[in-house]
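J.: Take a look at the following structure, please.
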Amino acid sequence: MANDPRKLLVTCALPYANGSIHLGHMLEHIQADIWVRYQRLRGNTVNFICADDAHGTPIMLKAQQMGMTPEAMIEMVSEEHQRDFAGFDISFDNYHSTHSDENRELASHIYLQLKKNGFISSRTISQLFDPEKEMFLPDRFVKGTCPKCKSEDQYGDNCDACGETYSPTELINPKSAVSGATPVMKDSEHFFFDLPQFESMLKEWTRSGSLQSETANKMQEWFEGGLQQWDISRDAPYFGFEIPGEKDKFFYVWLDAPIGYMGSFKNLCDKRGDLDFNEYWNKDSKTELYHFIGKDIVYFHSLFWPAMLDGSGFRKPTNVFVHGYVTVNGAKMSKSKGTFVKASTYLNHLDPECLRYYYAAKLNNRIDDLDLNLEDFTQRVNADVVNKIVNLASRNAGFITKRFDGKLSAHFAEPELYAEFAGAADRIAELFEAREFGRAIREITALADKANQYVDEKAPWVVAKQEGQDQALQDICTVGINLFRVLMTYLKPVMPALAERTEAFLNQELTWEGVATPLTDHAVTPFKALFNRIDPKQVEAMIEASKAEAAAEKAAADAAKPKSAETELSKDPLAAEIEFDDFAKVDLRIAKILSCEAVEKSDKLLKFELDIGGETRQVFSGIKSAYQPEDLIGKYTVVVANLKPRKMKFGMSEGMILAAGPGGSDLWLLEPHQGAQAGMRVM
């Protein structure tokens, strides 16, 4: 490691401002925070920033559903996000929003520089338009089948299954995610970033050797497939920044979202006054820039983002660190099973340090998915943190407090053992630097096993009962506490709250350099419980709470959905199909109503005398609730003339009058247009 402190700017991907933080998000933020805390522990200068990704049609539509402005909604979500991250001890130096003055200024500047340098063009394109909502459909509001791998139910910009990016018009069988309607094509002028002009630069950047091999290999696939111009504009209505000099045209959210890294840092510079924005972002910057992201957004960060920066005169990232997804109990996070756990729900039931430790224990520097096995989570935290590490302090601290007034021995009895523990610092440092946190944890727990073996062999609880062995007891416990101190120094980036409580107990700050020398002739404070084991019932309660939250949210969402319009067919579906010959048997005729009277002792029936063209018929019809008899005399209607006469209580009915409606007062007699004559056949 260089002697001079490094200057690093570190970012996490920007959470979208239309939903809550969940344990999938937390993998990235914990991974980045551990790395950042390690860098700070080694004396490097780190600026750790993030922001909410606050633009796009999804936010605009959700705000409408909630009955508030997009600005009010993203402010509310930002407060929730920051509260959750703080709950997990994510040590951001600044948390901002892409909907900010800084981001508007920088997005406009970068666009205009790209345009000036010949990297922006425009052309008329045909794009999908929702005929019901009368709006162009952004990528994420079209769903269909991926044109490459044929996976169904994929969004209109990229496929979650194979990672391919494409235009919404390339989707197979597209549907509007807003209304469910089949979109139609409509012309619109759009603006494009000429990504192919940067292919040579991007290939060189890929071959630099700093990118993860999986990322470099994926980029090579994209190069072989041919880079395409990138559509960076969207049509109104849209919540975002208008493109300078254009009417009703907005920057696509993926243009201004990564610029949000710059906007958040600019905001931090303005707050602090001792930071130089240009020192970190100029093309010749000597500082280091790192992005932690998920594997679903590699395309944007490894192709578009470095090309945009290069084309507008800014520096490119030093590296992009990509991680996989979180699964729970070997399966995709599920709301119905309660394994889709919000950060806030977790914090209501469990210590955030437990998840920080478990994620660290399973993380490596590859793009592997991480499985949060809840049974293993409970067992590993209890076995490693409680039984091996914290217990090491509790087994020794009581004797130091009670027998030696809290004073460690002036003599360190096991220099060779301590040298082994201190000597692991370089190896563990290399692993933290390389983001091989799981391997670092294994090194630390292996040392913890050795420390506990030492205490078991020395048995201070036995020595304490032996007369004249006070010095031996103090020496043993001093060694045990010092080994605990070394372990907690190594764990400080992973478990900062536990490290802080340890520092209070030791009455000394834990520093990486301090590991080199044991703590002797030093007073510690009375020992208090440093960490609580996980009760499986806490995990069960968290899962049940997640199920309940998901059910309540689904019920609320269903209630908020516009009810599909009830139609007459939905209320009274069609009867089974019949053959034409069956229908041809029915003889429908125009009939003139000669007389009409109410049938006594009947609530429904009217008695009609009908002229069907030279023949008079008596017909009873159940439309009494809808008509006054005298209003019908002289009208024309339609009758089934060849229906077999039916004897009724009040007389013989020689046909059937046709009427429409659900019943009661909602009945309407069928009447032909003027010109129809009694006896005419209805064709």
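Just so it is clear, glycine is given a Cβ too, placed from its N, Cα and C backbone atoms.
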J.: Swiss-Prot tags one of 15-25, 125-135, 378-388, 642-652 as motif ''HIGH' region' - which one?
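T.: My reading of Swiss-Prot: the motif ''HIGH' region' range is 15-25.
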J.: Given 167-171, 242-246, 332-336, which one carries Swiss-Prot's motif ''KMSKS' region' label?
T.: 332-336
J.: Taking only the Cα atoms, work out how far Cys149 (Zn(2+) binding site) lies from Lys335 (ATP binding site), in Å, as a whole number.
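T.: Here the two Cα atoms are 27 Å apart.
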J.: Around the Zn(2+) site formed by Cys146, Cys149, Cys159, Cys162, list the extra residues of the same chain whose Cβ is within 8 Å of the site's Cβ centroid.
T.: Pro147, Lys148, Lys150, Ser151, Gln154, Asp160, Ala161, Gly163, Glu164
J.: Taking DSSP as the reference, which of helix, strand or coil describes Cys146 (Zn(2+) binding site)?
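T.: It is coil.
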J.: Round to a whole number and give the Cα-to-Cα distance in Å for the pair Cys146 (Zn(2+) binding site) and Lys335 (ATP binding site).
T.: 25
J.: Whole-number Å only: compute the distance from the Cα of Cys162 (Zn(2+) binding site) to the Cα of Lys335 (ATP binding site).
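T.: Cα-Cα distance, Cys162 (Zn(2+) binding site) to Lys335 (ATP binding site): 24 Å.
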J.: Between Lys335 (ATP binding site) and Cys159 (Zn(2+) binding site), how many Å separate their Cα atoms?
T.: 22
J.: What is the one among the binding-site residues Cys149, Cys159 whose Cβ has the most other Cβ atoms less than or equal to 10 Å away?
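T.: Answer by Cβ density within 10 Å: Cys159.
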